[in-house]
Amino acid sequence: MEEAKVEAKDGTISVASAFSGHQQAVHDSDHKFLTQAVEEAYKGVDCGDGGPFGAVIVHNNEVVASCHNMVLKYTDPTAHAEVTAIREACKKLNKIELSECEIYASCEPCPMCFGAIHLSRLKRLVYGAKAEAAIAIGFDDFIADALRGTGVYQKSSLEIKKADGNGAAIAEQVFQNTKEKFRLY
């Protein structure tokens, strides 16, 4: 496997961060964990589990979860590498809030995975390839395009309708009726 990297004079490696157009210096440990995520991506394809995506979650410089895309293996369109790693890390650490952890992804996360990263409160994301690399080999970006308002939501015949009347009222009451019983964090 040939690595693509840009090395600075101080030995750091530059990769894209989660913010478009922003470059961040990545130190040796970051490179090590990002390399592990890339290895997971290869592993997932080699064993037929799913697409070429890998993710590693780290706590105090120790790997908590190292996963790859499992969409085909589990017949689950949500079993992306990042989501699978978050699920595994939450189970291992016995909590749903991963604010002391970092995630390394082989590719820029899709909107669903960004959502999972946000909801799990991961403190840092380092990714290698831009989404365009995945798009170039046939993975689509229609959800991101739809969210940005730059594309037409053609790939789905999904009808979206907000309920009204009694259906909406009873659904909204769930939150009022359970606010004292349920605390997320």
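Residue 1 is the first one shown; counting continues down the chain.
Glycine residues also receive a Cβ, built from the backbone N, Cα and C atoms like all the rest.
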(message) Suppose a student reads Swiss-Prot and sees Cys110, Cys113 listed for Zn(2+). Which of His68, His80 should they find annotated at that same site?
(response) His80
(request) Measuring Cα to Cα, tell me the gap between Glu82 (active site, proton donor) and Cys113 (Zn(2+) binding site) in whole angstrom. (result) 6
(request) Average the per-residue pLDDT over the domain 'CMP/dCMP-type deaminase' (28-142) and send me the rounded value. (result) 94
(message) For Cys110, Cys113, listed as binding-site residues, tell me which one has the smallest number of other Cβ atoms within 10 Å.
(response) Cys110
(message) Across the domain 'CMP/dCMP-type deaminase' (28-142), what are the DSSP residue counts per state (helix, strand, coil)?
(response) 52 helix, 26 strand, 37 coil
